[in-house]
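Q: Provided herewith is a single structure, encoded as structure tokens, for subsequent inquiry.
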């Protein structure tokens, strides 16, 4: 994953707006010479000659200078937005689990086949956007074919992470499978630290531990109420599948965070969908043929499949945003609340009985998410260490520190220009 093999793309949809903030158009010669009243020139003249990396560096300096309190990031719109996105993703996971439960009740268990619909839909949605933004098929493939093998790896990790996690639930019990999900968080932290040079602050480590503690309370309540799924069919086999699935998930999340920080989102998701269809199709043809024959096919099944597919479309569309604005670690701990939302659905739909420890667990997880962002800059985790101090290796897309810095530099230029005009 050498940085010199991927260069920032100028074709991201949000990049179109950013380009107008470049060194040649941020402050025009007309703007810098329009003060003919004899007043002292303003700082716009200094900014006119700067190229994009210098502008980004200036913007980052301006943004990080605002970090005057330990709670600075909590007061930003980005913090509340990343919390909200995380909970929407948790609700998407809850929705997919609910639809899968409905399908199982009707005798339809086709995990590989139903996931094909997901990858096909995200490809159909994002590939036309990619073609439009890059100027057609020829230009798109000219810009992306060198990275296609990397997208193949990303899709493989994503598909197999889904597949082995589903297999784990078949063989082991619910409590054991959920406990293994913690391993995904461990993998993300270790890989990010070792390969991406991420250095976690004590507050971030504390936030992760508090979230895991909240999840532990939730699992303990499952054990107390006897809702952990019983002894399981083959605990060892299921636990091994769960461990493999969690490992693949962790690697996949870190890899996707690295990708969406460097490439346009529509490109990443297009290739994820394209290769996902191929890999899942082969897997379904090998392992799900008998399940498809034995499955029930009727109107309700079709409705549940549609619901599952669109919930996953929302999930795959929003996941890159939280990976850009936050991190793979924050992404994983945000999804821990899916278990709580699942219980709420279970109480209403499946007539589960909720234990008093569930609300405590939910509060602990949310508290952990808040603690994670304490004592940080106003950029939060959007400033990625592997992109360089000026984020020059990254793309200026929605949610990135690079776009925020360019906007901050532009605002500074406009503010300085207005101040100079009043002199």
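Cβ atoms are placed via backbone N, Cα and C, with glycine included.
TrEMBL: automatically predicted annotations, no manual curation.
As listed in TrEMBL for this protein:
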type: TRANSMEM; residues: 70-90; note: transmembrane segment
type: TRANSMEM; residues: 110-131; note: transmembrane segment
type: TRANSMEM; residues: 151-169; note: transmembrane segment
type: TRANSMEM; residues: 175-195; note: transmembrane segment
type: TRANSMEM; residues: 202-220; note: transmembrane segment
type: TRANSMEM; residues: 240-256; note: transmembrane segment
type: TRANSMEM; residues: 268-286; note: transmembrane segment
type: TRANSMEM; residues: 301-323; note: transmembrane segment
type: TRANSMEM; residues: 330-350; note: transmembrane segment
type: TRANSMEM; residues: 356-375; note: transmembrane segment
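Relative to the rest of the structure, where do these features sit?
A: Non-local neighbours of the transmembrane segment (110-131) in the same chain are 13, 100, 103, 137, 140, 155, 159, 162-163, 166, 264, 266-267, 269-270, 272-274, 276-277, 280-281, 283-284, 287-288, 291-292, 295, 305, 308-310, 312-313, 316-317; each lies 6+ residues outside the stretch with a CB under 8 Å from one of its CB atoms.
Long-range neighbours of the transmembrane segment (151-169) within the same chain, counting only residues 6 or more positions beyond its ends whose Cβ lies under 8 Å from a Cβ of the stretch, are 111-112, 115, 119, 177, 180, 238-239, 241-242, 244-246, 248-249, 251-252, 255-256, 259, 268, 271-272, 274-276, 279-280, 283.
Same-chain neighbours of the transmembrane segment (202-220): 175, 178-179, 182, 185, 189, 228, 329, 333, 336, 339-340, 357-358, 360-365, 367-376, counting only residues six or more beyond its ends whose CB sits under 8 Å from a CB of the stretch.
Within the chain carrying the transmembrane segment (240-256), a Cβ under 8 angstroms from the stretch's Cβ atoms is held by residues 153-154, 157-158, 160-168, 171-172, 176-177, 180-188, 191-192, 195-196, 268, 319-320, 323, 328, 331-332, all 6 or more beyond its ends.
Counting residues 6+ beyond its ends, the transmembrane segment (268-286) has Cβ neighbours under 8 Å at 110, 112-113, 115-116, 118-124, 126-127, 129-130, 144, 148, 151-152, 154-156, 158-159, 163, 256, 259-260, 292, 316-317, 320 in the same chain.
Sequence-distant neighbours of the transmembrane segment (301-323) (same chain, 6+ residues past either end, Cβ-Cβ under 8 Å): 82, 85-86, 88-89, 92-93, 95-96, 99-100, 102-103, 106, 108, 114-115, 117-118, 121-122, 125, 253, 256-257, 260-261, 265, 268-269, 272, 295, 330-331, 334, 398-399.
Same-chain neighbours of the transmembrane segment (356-375): 70-71, 73-74, 79, 83, 86, 201-204, 206-215, 217-218, 220-221, 224, 330, 333-334, 336-337, 340, 343, 381, counting only residues six or more beyond its ends whose CB sits under 8 Å from a CB of the stretch.
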Q: Checking distant contacts: for the transmembrane segment (330-350), what same-chain residues at least six beyond its ends satisfy Cβ-Cβ under 8 A?
A: 82-83, 86-87, 89-91, 93-94, 97-98, 101, 178, 184-185, 188, 207-208, 211-212, 214-215, 218, 250, 253, 257, 319, 322-323, 358, 361-362, 365-366, 368-369, 372, 381
